[in-house]
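Reviewing the structure listed below.
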Amino acid sequence: MKAVVTGNEMKAIDTYTIQEMGIPSLVLMERAALSMVCRMKERIDRADRILCICGAGNNGGDGVAVARILFGQGYSAAIYMAGNPEKWTEETKKQIQIARNVGVPEYNELDLTHIRVLVDGLFGIGLSKTVREPYHTLIEKVNQWRGRRKERQVWAVDVPSGLSSDTGQPLGCVLKADYTVTFGYMKRGIILYPGRELAGKCFVENIGFPGKSLQVHPSAGFTCHVQDFEQLPKRKNDSNKGTYGKILVIAGSKNMSGAAYFAGRSAFVVGAGLVRILTPEANRVILQSQLPQAMISVWEETDRDSLANMLAWADTLVIGPGIGTSEIMAQRLKSVFAGSQCPIVLDADGLNLLAEHEEWYSLLNGRTILTPHMGEMSRLTGCSIDELKADRGKAALKLARERQIICVLKDSSTVVSDGKHLYFNQTGNHGMATGGSGDVLAGVIGGLSGAGEGLFKAAYMGVFLHGSAGDAAAARFGFRGMTSVEIIEGLIEILKN
Ligand SMILES: NC(=O)C1=CN([C@@H]2O[C@H](COP(=O)(O)OP(=O)(O)OC[C@H]3O[C@@H](n4cnc5c(N)ncnc54)[C@H](OP(=O)(O)O)[C@@H]3O)[C@@H](O)[C@H]2O)[C@@H](O)CC1
Ligand SMILES: Nc1ncnc2c1ncn2[C@@H]1O[C@H](COP(=O)(O)OP(=O)(O)O)[C@@H](O)[C@H]1O
Ligand SMILES: [K+]
C-alpha cells in the first residue's frame with residue numbers, strides 16, 4: 001500500500017522533514033529537479049528546445065533547477081519567470097541566482113515558437129482558489145500551443161498547474177500535461193478524474209522524505225499496487241468448502257437473472273466455498289442451468305423460518321443487484337436486515353430502497369458495505385452528482401462517518417472509505433462501463449468478506465481486484481468487446497497468476 005496525500009498533508013511532511021529532520025529545503029529541491037530530469041531524458045532529444053515556465057513559489061524553484069540541470073548537461077533549456085518577483089520564495093530566489101550564475105538563458109516574454117518541450121513549474125501544491133490573471137491567459141496560451149500536436153511535450157512539476165491536488169478538479173483552468181513527475185507521495189488530485197487525464201502519465205519520485213515524516217504526519221489516503229495481491233486471504237491445504245465462506249446473494253427479479261448470476265459467480269471466483277442465491281421463481285431454471293455450482297432458493301417458497309435459516313447459515317449477504325424497488329421487496333429487505341447479524345454488501349436497488357428508508361441505517365451500521373455509483377450516491381445523500389464529483393473523497397468519507405458504514409463510491413475513479421481512511425483506486429478502465437460490471441464487484445466484495453476479511457479491507461481489495469480484472473479483460477478482449485462476462489474471465493486470470 002502506498003500513501004496518497006492532499007496538498008496540506010504533503011506540506012506538513014515537507015515542513016517536518018525540513019524543520020525537524022534537518023534536511024534543507026534546497027536539498028529536497030535539487031533531488032526533485034534531478035529526478036524529473038532523469039525521467040525527461042528517457043523521452044526527450046538533445047536537439048529539443050526546452051522552456052521551463054516558472055512561478056514565484058517553490059514549484060517555480062523546482063522548474064528553474066530543472067532548467068539549470070538540463071542546461072548543464074548540454075540540453076537547450078531556457079527559463080521564463082512568470083511569477084511576480086516580489087513574491088519569489090527564498091528558495092526560488094536562490095535557484096534563479098544559481099541559474100543566472102551558470103548562464104541559463106532567460107526569456108523576458110513568453111515565446112513558444114521553436115519550443116518542443118515545455119516544463120510547467122507555475123503552481124504546485126501551493127495553489128489556492130481559482131487561478132488568477134495573468135496566469136489564466138498564460139495557461140490557455142500554452143494549452144493552445146500544445147493542441148493535438150503529438151511531437152510537443154508538456155511536463156508538469158509535481159502537479160499540473162491549475163489542478164486541485166486534493167480533488168482532481170480544475171481551479172479555473174489547468175495546464176494539461178503529457179507527463180507529471182510528483183514528489184514524495186502520490187497526490188489525490190492526480191488519481192481522481194479529471195485530474196488523472198490532465199496529468200498524463202505520472203511518476204512518483206522518492207526525493208528523500210524520511211519514513212518518519214509520514215509516520216508523524218500520516219495521510220488518510222492510500223492506494224494499492226500489484227504487490228498488494230499478497231494481501232488476499234491465503235488458502236490452506238487442510239481446508240474444506242466451509243473454510244472459505246458461505247455467501248447468500250439476494251439478487252435478481254423477473255427478467256433480471258443476470259444480476260444474480262454475475263454476483264453469485266464472482267463470489268465463487270474469488271474463492272467462496274458455498275453460494276446460495278435467493279431470487280424469484282422466474283429465475284430458478286435459468287440460474288440452475290447457468291450457475292449449477294450455486295444453490296438456488298426462491299422467494300415464493302420462502303417463509304419466515306426458512307429465511308431465518310438462510311440468514312443464520314450465511315457468513316456474508318450480498319443484497320440488491322437487480323431486485324427492483326417494489327413495496328414487497330422493501331418489506332423483504334427489512335426482514336432480512338432485522339433478522340441477520342453478519343456483514344452485508346448492499347448494492348444497486350438495495351441502495352435505492354435504503355434511500356427511501358433512512359430508519360434502516362440503525363439495522364445496518366457497523367456491518368455494512370454500501371456500493372453506490374454516483375446516481376445512487378446522489379439519492380442516498382441528497383447531493384447532486386456535480387457536488388459529489390467536486391470532491392469524491394469528502395463525499396465517501398462523510399457518508400461512511402455519518403452512517404457508520406463502509407462506502408464504496410463507484411466511478412471512473414472509485415474511492416472507498418471507512419469514515420477515517422480513504423482508498424483511491426487506480427485500476428480499471430472505461431471498458432468496465434458495461435451492464436453487470438457493478439454486480440460483479442458486489443460479488444467480489446461479498447466473496448472476500450465471506451472468506452473472513454474485515455469489512456474495509458474486503459471493500460478496497462475488492463475494488464482493486466475488480467479493476468485489475470477489468471484491465472486484464474481489456475488487454476485480452478479490448479475495451480469495446482469486453483463485457484461483464486469477460487471481467488469475470490479477467491478475475492480468473494489474475495487470481496491464477
Ligand atoms: N517545501 C519544499 O522545500 C519543497 C517543495 N517542493 C515544491 O514546492 C511546491 C510547493 O511550493 P509552494 O508552497 O511555494 O507553492 P507553489 O505550488 O509554488 O504555489 C505558490 C505560488 O502560487 C501562487 N498562487 C497560489 N494560488 C494562486 C492563484 N489562485 N492564482 C495565482 N497565483 C496563485 C502564490 O502566489 P500568492 O497567492 O502567494 O500571491 C505563490 O506564488 C511543490 O508543489 C513542489 O513543486 C519540492 O521542491 C520539494 C521541496
Ligand atoms: N471509466 C471507468 N473506469 C474505471 N472503472 C469504471 C469506469 N466505468 C465504470 N467503471 C466501474 O464499473 C462498475 C460499474 O458499476 P455499476 O454502475 O453499478 O454497473 P452496473 O449497474 O451495470 O452493474 C463500477 O465498479 C465502476 O467503478
Ligand atoms: K506545476
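Heads up, the Cβ atoms here are built off N, Cα and C, so glycines get one too.
No curator has checked TrEMBL annotations; they are predicted automatically.
Sequence annotations record features per position, and here TrEMBL assigns domain 'YjeF N-terminal' to 10-215.
Around the Cβ of ILE125 ((6S)-NADPHX binding site), the same chain contributes GLY7, MET10, LYS11, ASN59, ASP158, VAL159, SER165, LYS187, each under 8 angstroms and 6 or more positions distant in sequence. The (6S)-NADPHX binding site annotation in TrEMBL covers 58-62, 124-130, TYR135, ASP158, ALA259, GLY322, HIS373, ASP439.
Following the DSSP three-state reduction, the secondary structure of ASP120 (K(+) binding site) is strand. Residues annotated as K(+) binding site in TrEMBL: ASN59, ASP120, SER161.
The feature domain 'YjeF C-terminal' is assigned by TrEMBL to 224-497.
For LYS410, ASP411, SER412, SER413, THR414, GLY438, the entry in TrEMBL reads AMP binding site. There are 18 other CB atoms within 10 A of the CB of ASP411 (AMP binding site), with all protein chains counted.
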Request  = Calculate the distance in Å between the alpha carbons (Cα) of THR414 (AMP binding site) and GLY322 ((6S)-NADPHX binding site), and round it to a whole number.
outcome  = 21
Inquiry  = Same chain only, sequence gap of 6 or more: which residues have a CB within under 8 Å of the CB of SER413 (AMP binding site)?
reply    = GLY168, ILE191, LEU192, TYR193, ARG196, ARG392, PHE424, ASN425
Ask   = Checking the binding-site residues ASP120, SER128, TYR135, ASP411, THR414, GLY438: which ones have Cβ within under 6 Å of ligand 3?
value = ASP120
Inquiry  = Can you tell me which of the binding-site residues ASP120, SER161, LYS410, ASP411, SER412 is spatially closest to TYR135 ((6S)-NADPHX binding site)? Compare CA atoms only.
reply    = SER161
Query = Can you tell which of the binding-site residues ASP120, SER161, SER412, GLY438 lies nearest to SER128 ((6S)-NADPHX binding site) in space, using Cα positions?
reply = SER161
Note = Here the binding-site residues are LYS410, ASP411, SER412, GLY438, and the Cα closest to that of GLY322 ((6S)-NADPHX binding site) is found at GLY438
